[in-house]
Amino acid sequence: MKLVGLTGGIGSGKTTVAKIWADLGAFVMDADQTAKTLMTTDPELIAGLKAAFGEAVYTSDGSLNRPYLAQEAFEKGRVEELNRLVHPAVYRETDRLIGVQREKGTPVFVKEAALLLKHGRPAMLDVVVLCEAGEAVRKARVQARDGHNEAHISQRMAQQKGLFEALDPQRDIIIENNGTREELHQKARAVWAELIS
């Protein structure tokens, strides 16, 4: 089984590429969604979050108090503390899912994550694919998809600025996505053919 990391900035097309590959037989793990799920299902992570951020991090029904956690982590500068708790749980779940998919005979395991390479290239990955698109194209896509105003989109893009430009030595394949959806499908299928060869 080939282990593939898929990354790219907001509006770059990485989620679309992941869906195409899933349709072709890949197992896709969305790292952000996995983290959100683990924050309400992983007992060790739940205990760590309560110890670090207080009991108020969860509501009375056991769901994550997202506004509270966002305020504590992002507004009070404790993001790294949050990441130190969440990332190990995501790594454990990644290892577990790889084992399950390997047993099933899945040809390609894809870990989709915007911040996949923030702390260097994970040694477990065989291939890293970076989706790229021009800033104006990405803004238009995100605005059409999410309905956010330009100021909000610009803020999100500014948070990611510089992150992907520094990844050149860490990526193996770039999918340029400045064209149509059909062009992206063609490029994604071409890269898939490389991945399974």
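Numbers here mean position along the shown chain, with the first residue as 1.
Just so it is clear, glycine is given a Cβ too, placed from its N, Cα and C backbone atoms.
Any TrEMBL annotation is an automated prediction that lacks curation.
Record features, source TrEMBL:
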type    : residues                     : note
BINDING : G11, S12, G13, K14, T15, T16 : ATP binding site
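Secondary structure from DSSP puts T15 (ATP binding site) in a helix. The ATP site, placed at the center of the C-beta atoms of G11, S12, G13, K14, T15, T16, has further neighbours from the same chain whose C-beta lies within 8 angstroms: G8, V17, C131, A133, R141, N177.
Taking each Cβ in turn and tallying the other Cβ atoms within 10 Å, the top scorer among the binding-site residues S12, T15, T16 is S12. Every protein chain shown contributes to the tally, and the Cβ of K14 (ATP binding site) ends up with 26 other Cβ atoms within 10 Å.
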